[in-house]
Amino acid sequence: MTLHSAPSANGRIPPLAAPPADARILPLADRLATHGDRTALITADGETSYRELAARVAGTAQRLGSERRLVLLPGANTAEALVAYLAALAAGHPVLLVPGDHPDAMESLIAAYDPDVVVRPAPGRWEFEERRAVSAHELHPELALLLSTSGSTGSPKLVRLSHENLRANAESIAEYLGIRDTDRAATTLPLHYCYGLSVVHSHLLRGAGLVLTGLSVADPCFWDLFRGARGTTLAGVPYTFDLLDRVGFADMDLPHLRYVTQAGGRLAPERVAHYAALGARRGWDLFVMYGQTEATARMAYLPPDLAAAHPAAIGVPIPGGAFRIAPVEDHPVAGTGELVYSGPNVMLGYARGPEDLGLGRTVDELRTGDLARRTPEGLYEIVGRRSRFVKLMGLRIDPERVEAMLAGYGITALCTGDDEALAVAAIAPGRRGGTGDRGGPGDGGGPGHSDGSGHDFRQSGGPDDSVDSGGPDDSGAAGELRIRRLIADECDLPARAIRVRVLDELPRLATGKADYPAVLALTRPDRGETPSALSGGDTAADLCALYTQILDRPDVTRDSTFVGLGGDSLTYVEMSIHLEERLGRLPADWHTTPIRELVGQPGQRPPSGRPRSRRRRLETGVALRAAAIFCVVGSHIGVFTIRGGAHLLLAVAGYNFARFHLTDAARRERLGRVGRSIARIALPSMAWIGFALLVSDDYTLSNLFLLHNALRPQDMGPGIHTWFIEALVYILVAVAAVLCLPFADRAERRFPFALPAALTGLGLLTRYDLVGLPHRSQMTDAVTVFWLFALGWAAAKSRTVAQRLLVTAAAVATVPGFFPGEPWREVVVVAGFALLVWLPTLPSRERVNQVAGLVAAGSMYIYLTHWQIYPLVDGFSKHLALLVSLVFGVAYAIAVTRLMRGLPLVPADASLSRLRSLSFLSSLAFAQAPGPARPSARRRFAGLFRAHRSQGARRR
């Protein structure tokens, strides 16, 4: 795109011209109407023209009246919220914009500022609560907007912005971005956030369109809407770019995208360079920007063609603005000082209560609190902070207020941070240390402590009765976890962005002042002496190594999850057993919980010195897989007769498919995982069937290519042995084919329970033979057993009691009659469904978990191989044949896993140690077998297979 400022011949960048003095922001009804029938808003429900928007704004403005009143409005990325906001501005009412998703903050500001009109969302409409006809406050004529310096926190400290502030900033942004009336910007940021609001102002000013949505960029539905709307503009904070990486943004086809903007915190220079290069390849520009709420959002921008060469810079002042660098006494580096901004977008000042609403301008320039320097090229670069504010995930956190909040709970702490996390060193109640001098700056009450992009944490009112007041046990892992949760709740930060260490004494300098660099060093995850959250000495690093080993992923971090790393049902069992050995009882959602939070789970291991209890919990899905395959093999051999296990395994397969593949990952990533799972089933199966073809005549080429049930559905001979493998592969391929369609992918995400419920209904058409398909095997054909898989999928997605009851009722109603004359087989399947739906875990013992875990993890390979293994032994002992079949299947599973990862077959790791958990079975099995020398393996296999074919080895 054409830049409005480019380096001169000497490499310096001249300032841009100021915006015209007569330009107007405040898109009043008449100003909106001048854009006529151009599209103003695009939502999932349709489009709204500027003419229609103007009419709605005019109607709402008339309802508010012309008598100026203070209007409190919850921000939301909806047409209703935008219309109410524009109408209030159009009628001249000052707007106090609050976060719509934070009721506590809203009520706090209502109590603090006593607004005259409160706008509240209601089902299908917005309600205007007119508390008085004439304002109770003195409102300055220039006052247009009040934004919290603390974002979603409800802090009473507000930024007072004028109509001129809004106009000037929007005009400047529109100028340097070169916004056209054909542009369409997605509302990727909240309306109450000054950055998100600036996107709205600048685009409406130029008659451009807004793709109005509250969807996250991590949601595929967002991208469907963006493409359909021919979106040209994306705005994001650093965390947004993390999400873009996760959803495969680099490979997306976005033909209309013109530029991407970034603000809301520092984006690492290497990430700036990466996205600048990506934009250059894909035909869009990256604008890195710098601003604060006190400057009505923007103060500087980095021209896109300089981003690759100067990725650490914030760029040049916006049109109409100017910087100066003020010397700082405690920072004597030449050319470095506090960055001070001036321009028509600088706020009127702060408000700390309704009495300040009548004030005029109290601030002429903005002391940003950032230390900066000017490069020889004329670019400005931030080198540090004068105050100790920390900016994380678009939120600006005041460490002093974190310290004060913790002190209210009796916890003495020092708090600082960097671009990655908030760092806290604390002394829990009952331990020595005292408050002392924290050595931080004073109350950031003036402009010198402006609040960045306007985000901070809500002010605590002291300990909440719902929170434990602490005590001597608040030390070590338990104390760290509690402190982390307190901060996460107060600051609206995820726990992974908070690093805590409980100490005997807080680190201090020789002067007695707080040593904040030491706090950072002590809490960094790569420190040499990491306090374990596990009494037995295990750390998050140990778990990272475990995840790396089992999932074969070298990129594991403390923020990784099992599902996020591509874990599936084949690795789930082994991982859960290992984790339980290290952590004790696991949370139900451990597979989607970051490693760092797993380590922080309280009470998972007994205190050091106490013997570990052997009582454990075993996940029901794992127990059912182990029990089902045990029953399948035992029934085939004739040890006992408990049928129905294979069909129950299909239901569990559907359950695990939903848990491990239907995550919030992008569609391409989800399909890739399904494809890998299909390969892990099909390739080892074909390899084993190929081996069986060499040593017996049970199978044919149709079995080898997993086509036997499709080509010979009436065959009841040995060839039907592979029906389960074939059915599972067919179903997974069919489901993957459906979910590769964008509308189906969207439907699954929007209706996670309704979709599998509907598929179960479709599957029942073939289960009851209502569609007139050619005659096929009723119990072994993929199309007739699909409903079991779909019902298992629905079970995994059931979240309410009503949904669980529906799944249970469906199983009770549809399983009977599927196995004519075999009521106990039906009881097995229905009972398995009930356990899967209602009991997430079962009581167990440590050794039982180890054995069950191995058998469950190898269940598919046990099924695959037992047809050829048990005939070798059942002439000696049927019980021995069962044991040998299980052991061999598990060994084959371990070998397959290692071969598919390209690892040696004889590992000195957990895979082999887990196999030793069945050593008592294998030793028992082979100790009972006669031991004279045997002929070659192939001759023995072939002879035994021919001998046993006449002895019933064809059982299904």
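Each residue, glycine too, has its Cβ placed from N, Cα and C.
Just so you know, TrEMBL annotations are computer predictions that nobody has curated.
Keep in mind that this is a model prediction, so the values were computed, not measured.
Annotated by TrEMBL as transmembrane segment, the relevant range among 271-290, 851-870 is 851-870.
When the ranges 644-660, 780-796 are checked against TrEMBL, the one recorded as transmembrane segment is 780-796.
As a summary of secondary structure, the domain 'Carrier' (543-584) carries 24 helix, 0 strand, 18 coil according to DSSP. Regional average pLDDT for the domain 'AMP-dependent synthetase/ligase' (30-350) in the model is 92.
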